[in-house]
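Participant: Structure provided below as C-alpha cells; questions to follow.
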Amino acid sequence: MDFELKLLPLARICSEKCDALLVLIPQDLSAGGDDPLSALAALALKAGDLEAKPGKLLSAYRTPGIAATRVVLAGVGDASPRNVRTAVNAAMANLKNGNTQRVVVSLAAMNNAQPEIVRAAVVACSEAAYVYSTTKSKVSPVKLQRVVIGVNELSVARPGFDKALALVKGIEFAKEWANRPANHATPTLLAGAARELARLRNIKVEVLGPKEVAKLGMGSFMAVAQGTSEPLRFIVLRYEGAAKSVAPVVLIGKGITFDTGGISIKPAAEMDEMKFDMCGAASVLGTFRALAELQPALNVVGLIPASENMPGGRALKPGDVVTSMSGQTIEILNTDAEGRLVLCDALTYAERFKPRAVVDIATLTGACVIALGGVRSGLFSNNDELAQSLAAAGESSLDPCWRMPLDDDYAEGLKTNFADVANVAGRAGGAVTAAKFLHRFAGSFPWAHLDIAGTAWKGGAAKGATGRPVPLLLDYLLGQVTAAAPRKAQPKARSAKRSKPVSRTRA
C-alpha cells in the first residue's frame, strides 16, 4: 500500500476523485464553511446522525458536489493522536473489506495537523490494512492500493508523514518475522533477516555461530541452545549514522524462536504462541529497518541472541549450574526461565561498545502480563533519566510503558547455596525478580529492560504480532540525536574470575 501527502483544504478536497473520502471531525469543528463537505458535516452533527466522539462513523454515497464515491465522517473528539488512531482504525477496518482501492484521509477539518496527528493516521491505516501472507498458499489480494493524507499545510505535516512511513516499514518488518511459524523463523533464518538489512545504508551485520560464542565464554546462552538441533546465532547489527567517537545506544532483543519451556515444559494449550518469544528480536530488526529510512545522526548497536528452547537429550536440567560470560555462575531452577539466560550474556557482550545506554527488549514473564495486561509494557531501569526518556517516548508514540520497581529486596529470592545466583525466585513479583536477575549483569552502564510479554502479540481471533515496541524505540532513539556525545571511559565491569563454561554445545 502506497501513501501520499497532499495539500487538500476542505474546499479543494470536494473535487478529489477517490473510492472513499475519510474526513476526521473534531468536537470543535469550525462552522461556516460554504463547501459541500463542511455543509454535510455541520448538518450531520446538528441532526445528531454523527457524534464527534472517537470511533463514531457516518457514511454517505454519491453526495452532490463531492467527487468521492463514498464519504465517511469520523469523530475524533479532541483530535488527540490517540483519538485519531481510534477513528482511522474504525473507518479503515470497514473500508478495506469492500472494493475500495484509493482512499483520501482528510485532516483538514482539524486546522493544522501536527506531525503526531499525521503519524497516528498513517500508522492506523497501515495497521488496518496489514495481512500476513508468507506461509499461505492462496492469498486474497488487498484491494486497497493507495492512501492520500490530505492536510492544510504541507510544511507542518511533512515531518510526521516521513517519520510515519519509516515507522510503518519498521513495524511491518517486525510483524513479518514475529508472525512466521518457528520452522520459518529459525535462528539461522533470523540471521538472514538481519543480513537483508545490511543491504541498506549505514547498516552492518555480523553473525556469530556456536564456535564463536563458545570462544567468548557465553556459557549461559549456550546452555539454553544445547537441547535443540537448530544451531544458535548471535546477531550483531550496527547502524552508523554518526562519527565513531559518538557512543552508541545498544538494543538487545530476546531471540528465542520457539520456547517449549525445555525440561520444565509448558502446557500444550496455546503453546503455538511461543513462536512469538522472539518478538524482542523482531522489534530490534524493525527498529533498524526504520533507522535505515530516516538516517538519524546517531549510532545504534543491536544484539540478538537467537536460539530455540527445546527438551532434547542434551537439554539443560533443573539443578544444573552454568557459567555466564561475566564469570558469574547461575543455578537453573526452571528451564522455562531461559530468556534471562540468553540476555545476561548479551548484556556482558554490550560492555565492549562503551554504550551511552543499553535497552533490552524481551517477552520475559507471564507475571508482567498479569500486572499490566496488554496495554503497557513493563519498564525497569537503573537510571532515572533513561527511564524517563523511554516512558516519554512511549507516550508520544502511543506505545506506552509503565515503570516498575527494582528494589534490592527483590533480589533476596535469587539467592542459592549452589551458585552465585538462581535463575528464578518465587512466584510473587516474578516480573521484578526477573529484572533483578538481569540487573546483576548491567552494572557498568545506564540500562533499561522492557518486558513486552503482554504487548508483543494478541491472541484470539486477532492473533498476531503487534510490532510493539518499535514505535517506542524509534521515538526514544530519535530523541537521543541531539544528546549524542563522544564515548567516555566506562568503569571496568565487576565480575568474578571467569572459568570454563559448564555447558557445552555442538559446533
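Using N, Cα and C of the backbone, Cβ positions are placed for all residues, glycine too.
According to Swiss-Prot, the protein carries these features:
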type	residues	note
BINDING	Lys254, Asp259, Asp277, Glu338	Mn(2+) 2 binding site
BINDING	Asp259, Asp336, Glu338	Mn(2+) 1 binding site
ACT_SITE	Lys266	active site
ACT_SITE	Arg340	active site
REGION	486-507	region 'Disordered'
COMPBIAS	489-507	compositional bias 'Basic residues'
Participant: DSSP secondary structure for Asp259 (Mn(2+) 2 binding site), reduced to helix/strand/coil, please.
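Facilitator: Note: Asp259 (Mn(2+) 2 binding site) is in a strand by DSSP.
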Participant: Starting from the Cβ centroid of Asp259, Asp336, Glu338, the recorded Mn(2+) 1 site, name every other residue in that chain with its Cβ within 8 Å, sequence order please.
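Facilitator: Sorted by sequence, the hits are Val224, Ile256, Thr260, Gly261, Gly262, Ser264, Lys266, Asp277, Asn309, Thr335, Ala337, Gly339.
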Participant: Please identify which of Lys254, Lys266, Arg340 has the densest Cβ environment, defined as other Cβ atoms within 10 Å, among these recorded positions.
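Facilitator: Of the recorded positions Lys254, Lys266, Arg340, the highest Cβ count within 10 Å belongs to Lys254.
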Participant: Give the distance between the Cα atoms of Lys254 (Mn(2+) 2 binding site) and Asp336 (Mn(2+) 1 binding site), rounded to the nearest whole Å.
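Facilitator: Checking the Cα atoms of Lys254 (Mn(2+) 2 binding site) and Asp336 (Mn(2+) 1 binding site) gives a distance of 14 Å.
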Participant: When the number of other CB atoms within 10 A of each residue's CB is tallied over all shown chains, which of the binding-site residues Asp259, Glu338 has the maximum?
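Facilitator: Neighbour-count leader: Glu338.
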Participant: Rank the binding-site residues Asp277, Asp336 by the number of other Cβ atoms within 10 Å of each Cβ and report the first-ranked residue.
Facilitator: Asp277
Participant: Once Lys254, Asp259, Asp277, Glu338 are set aside, which residues in the chain still have Cβ within 8 Å of the Cβ centroid of the Mn(2+) 2 site?
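Facilitator: Other same-chain residues with Cβ inside the cutoff are Gly255, Ile256, Met274, Met278, Asn309, Gly339, Val342, Ala362, Thr363.
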Participant: Distance between Glu338 (Mn(2+) 2 binding site) and Lys266 (active site) at the Cα atoms, whole Å?
Facilitator: 12
Participant: What's the CA-CA gap between Asp277 (Mn(2+) 2 binding site) and Lys266 (active site) in angstrom, rounded?
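Facilitator: Here the two Cα atoms are 13 Å apart.
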Participant: Between Arg340 (active site) and Lys266 (active site), how many Å separate their Cα atoms?
Facilitator: 17
